[in-house]
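Listed features, source TrEMBL:
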- 374-397: compositional bias 'Basic and acidic residues' (COMPBIAS)
- 363-397: region 'Disordered' (REGION)
- 35-55: transmembrane segment (TRANSMEM)
- 76-94: transmembrane segment (TRANSMEM)
- 127-146: transmembrane segment (TRANSMEM)
- 172-192: transmembrane segment (TRANSMEM)
- 204-223: transmembrane segment (TRANSMEM)
- 280-300: transmembrane segment (TRANSMEM)
- 307-328: transmembrane segment (TRANSMEM)
- 334-352: transmembrane segment (TRANSMEM)
Amino acid sequence: MAAAASLGMIGLIFGGCCSNVFALEAIVKNEPDSGLLITFFQFLFAAVAAYPSQASFGKNTSGFGLKLPVVPIKRWAFIAAMFWGINMLNNWAFAFNISVPVHIILRSFGSVTTMAAGALQGRRYSALQVVSVALLTIGVGVSAWADASSKGADLSPTASASSSPTTSTTDFVQGLLVLLIAQLLSAYMGIYVQDTYSLYRASWLENLFYSHFLSLPLFLPLAPTLRRQYVRLAATPPLHLQLGLHDSFSGATAATSISTRSPLLPTPVRTLLGTAPAGLLYLALNALTQLACISGVNALSARSSAVTVTIVLNVRKLVSFLLSAALFGHRFPPAMLVGAALVFGSGALYGWETSVRIPAERRAGEAQGGDGMVRAKADKGGDGRVENGRVEKEKAR
């Protein structure tokens, strides 16, 4: 049962998150200023999908037809505010001429900030855990940089701006600071959520619902911007479904394309694809795949440490890179292969250290301590030949 649950979580994370990347690229490539609308729809879909798990119309309700939460609502509100702020900061960074490859590289350092936040709260990590997280972070960074280089992207600060070099560098530094704040806030939130699970034994579905539902009012001041972005996506042409990954907005075609009139598709699907704006379809697909992604992440967070969650998400990032390179026909540069080896190798190393070696060492220590106590009791009730110092040594081991 536990194995099936683990496979389900991994499937949601890798399937949902990796699919989400492609839907996101399909929108941003043609409407790059749609970040706020994408975030709003993701929050809305998640809140609606998680509502049934928290719905209750009996006596013990907290309003809105919700059952009383296990965690105090003020604590959920604080988590929701942090979650909303992190998402907004990550989207805002693009306004400072931060390119997507640089954005991914910088966000790959989340495992380091998460571990640092845990250390500040008194948590201790083994040397092997620290080394594996450092290697994994380097691996994701190398892979992202290699992926960008293979596509001809210039990652220098001045290459991403159309203004003067001085302004470009200033914007780039400001973007770095925005991402740094987001990373530090994300690390703190990861530890805070982990402590919440430990203190209240809350369901991950409760976290999923309240972290999104309580964030929705924060979008109200941004309603005019949301409306403008929605109108632009609603004006996009209908989707031309293709087997190859081409620019659907611009109407690109290929020999492998499937017409929206194809009999292979059910009639309702053909009607939807032939009439609905492609931008709105991708928006819905992005929200649905994001829901699958965060459901897996929340389920994993309820059962694992914050660092473990960050490790899994970093490995997922690399899988997205590899799938993108394979599906779009990119070659694998040597640096990407090195990065892949670092990520998967260090991820496996961290998993072995966390799930195998440390638990085995803990069990061995507990067994030794138990044996010492048993021997002490037996000797004390027997012939009195026990040496208290020896027993204490056994217990101390």
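Any Cβ shown, glycine's included, is placed from N, Cα and C.
Taking pairs at least six residues apart, the transmembrane segment (280-300) and the transmembrane segment (35-55) share three or more Cβ pairs below 8 Å and count as touching. Within its own chain, the transmembrane segment (35-55) is flanked in space by residues 24, 27-28, 65-67, 69, 84, 87-88, 91, 94, 203, 205-206, 208-210, 212-213, 215-216, 219, 222, 225-226, 229-230, 233, 283-284, 286-288, 290-291, 294, which lie at least six positions past its ends and keep a Cβ under 8 Å from the stretch.
Within the chain, the transmembrane segment (204-223) has long-range Cβ neighbours (under 8 A, six or more residues past its boundaries) at 36, 40, 43-44, 46-47, 50-51, 53-54, 69-71, 73, 76-77, 79-81, 83-84, 193, 196-197, 294-295, 298-299, 301-302.
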